[in-house]
Amino acid sequence: MQTLVDHHGRSFPYLRLSLTEACNYRCAYCLPDGYQANGRPVFLVLEEIRRLVRGFAALGMSKIRLTGGEPSLRKDLPAIIAAVAAVPGIRRIALTTNGCRLPRLVRGWREAGLTALNVSLDSLDAARYLDITGHDRFAEVTEGIEQALALGFEAVKINAVLLRGRNDDELPAWLDYLRGRDVALRFIELMQTGENREFFERHHLRAEGLQRQLLADGWVLRPRAADAGPALEYAHPDYRGRIGVIAPYARDFCAGCNRLRVTARGDLRLCLFGNFGVSLRPLLQSDDDHDALVAHIATQLGLKAAGHGLHQGLTGITPHLASIGG
Ligand SMILES: Nc1nc2c(ncn2[C@@H]2O[C@H](COP(=O)(O)OP(=O)(O)OP(=O)(O)O)[C@@H](O)[C@H]2O)c(=O)[nH]1
Ligand SMILES: C[S@@+](CC[C@H](N)C(=O)[O-])C[C@H]1O[C@@H](n2cnc3c(N)ncnc32)[C@H](O)[C@@H]1O
Ligand code: SF4
Ligand code: SF4
């Protein structure tokens, strides 16, 4: 089997695959006006996804994260999970969701073969949650997380985007929440995108102060697995839960990059904030193109840059993270 190693010595066990650009939420930092369909987009269908994942698995990828947009809007999500799980070499199938459909659907996803779940929950206060996401679904999401915790996933994680003035005073509430729950909460630094510049300037908050506070309070940094996402994760003997910090503006953040992305339309994106996408879709129409697909992906990797240009305000072709899956 080939493995993917780029010119900067990084390897790539982890693929983030977006299943749709559509979303039912209006998160203030992502789609404040809701999802606006551009024409009649046609997203990758099951058979294309199966071929795509086979191609990446042949290059040593063992972890696939399904994302969006909101991936739970895909009616065929259980079938997609099962198809990905059946590809030899794929050991972990994770999903990132806003969580509003968890109570109805999470058991089915687990039974189809999902191994890990990340749920976005920007506040533990229902009114603030509504204010940030545009949806009054706090009760469903928190109930869904409880259900997920009982289903034996390898990991259940919660994502909270850290927002100056909106949710940056909630550490005490989160600590209560984490005391008895086996869940990893991750504070994500707000990232600038093509369309959220003004919001970013008002609400971006560096996570360094939070990290200093965690260390001072006895939280200890844990080692990071080779196929883990970018969070630095801390544990504490008095808490079942863990706290992660995703700090894309930190020095050397991109040195640990271990993932590639494919959009819901089948474009390979080498970076979350890259300047171009490469369509893989023509090579997903027949099993006969498997070798060509594998060769094409491997060649493209040569173009992967060392890191993002966010410090210079360069957001590439990414208008918002719903367009690529975060
Ligand atoms: N800048 C940057 N942000 C990322 C990258 N990967 C994930 N993120 C951000 O991290 C946040 C959490 O991502 P998730 O989809 O929950 O997954 P993850 O934390 O990467 O993955 P796991 O460790 O497998 O749970 C999202 O806001 C992503 O946009 C990356 O490569 N670069
Ligand atoms: C783009 S969403 C897609 C999956 C799903 N809709 C959800 O919200 O979990 C993936 C993650 O990106 C995060 N995100 C979106 N825009 C962001 C931004 N500008 N900066 C940091 N994180 C962002 C969301 O909070 C979410 O945790
Ligand atoms: S962060 Fe996720 S739930 Fe919120 S608008 Fe973006 S895609 Fe939708
Ligand atoms: S910003 Fe780009 S290079 Fe940096 S970690 Fe994310 S995907 Fe990798």
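Backbone N, Cα and C define each Cβ position, glycine as well.
For 7-231, the entry in TrEMBL reads domain 'Radical SAM core'.
Marked as GTP binding site by TrEMBL: Arg16, Arg65, Thr96, Lys157, Arg259, Leu260, Arg261. According to DSSP, Thr96 (GTP binding site) is assigned to a strand segment.
Of all the Cβ atoms in the protein chains shown, 21 others lie within 10 Å of the Cβ of Cys27 ([4Fe-4S] cluster 1 binding site). According to TrEMBL, the [4Fe-4S] cluster 1 binding site annotation covers Cys23, Cys27, Cys30.
Take the CB of Ser120 (S-adenosyl-L-methionine binding site) and look out to 10 A: across all protein chains shown you find 24 other CB atoms. TrEMBL lists Tyr29, Gly69, Ser120, Met191 with the feature S-adenosyl-L-methionine binding site.
Annotation comment: TrEMBL describes Cys254, Cys257, Cys271 as [4Fe-4S] cluster 2 binding site. Taking Cβ-Cβ distances under 8 Å and a sequence gap of 6 or more within the same chain, the neighbours of Cys257 ([4Fe-4S] cluster 2 binding site) are Arg10, Pro230, Cys271, Gly307.
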- Message: Can you give me the Cα-Cα distance between Arg65 (GTP binding site) and Ser120 (S-adenosyl-L-methionine binding site) in Å, rounded to a whole number?
- Response: 14
- Measuring C-alpha to C-alpha, could you say which of the binding-site residues Tyr29, Cys30, Cys254 are within 10 Å of Lys157 (GTP binding site)? none
- Taking the mean position of the Cβ atoms of Cys254, Cys257, Cys271 as the [4Fe-4S] cluster 2 site, which residues outside that list, in the same chain, have a Cβ no more than 8 Å away, listed in sequence order? Arg10, Phe253, Leu272, Lys304, Ala305, Ala306, Gly307, His308
- Message: Return the residues near Cys23 ([4Fe-4S] cluster 1 binding site) by Cβ distance under 8 Å, restricted to its own chain and a separation of at least 6 in sequence.
- Response: Cys30, Leu31, Gly34, Tyr35, Gly68, Gly69, Glu70, Leu73, Asn98, Ala322
- Message: Taking ligand 2 as the reference and 6 angstroms as the Cβ limit (strictly under), which binding-site residues among Arg16, Thr96, Cys254, Arg259, Leu260, Arg261 are close?
- Response: Thr96
- Let me know the model's mean pLDDT on the domain 'Radical SAM core' (7-231). 97
- Query: For Ser120 (S-adenosyl-L-methionine binding site), which of these binding-site residues sit within 10 Å, Cα to Cα: Arg16, Cys254, Arg259, Leu260, Arg261?
  - Reply: none
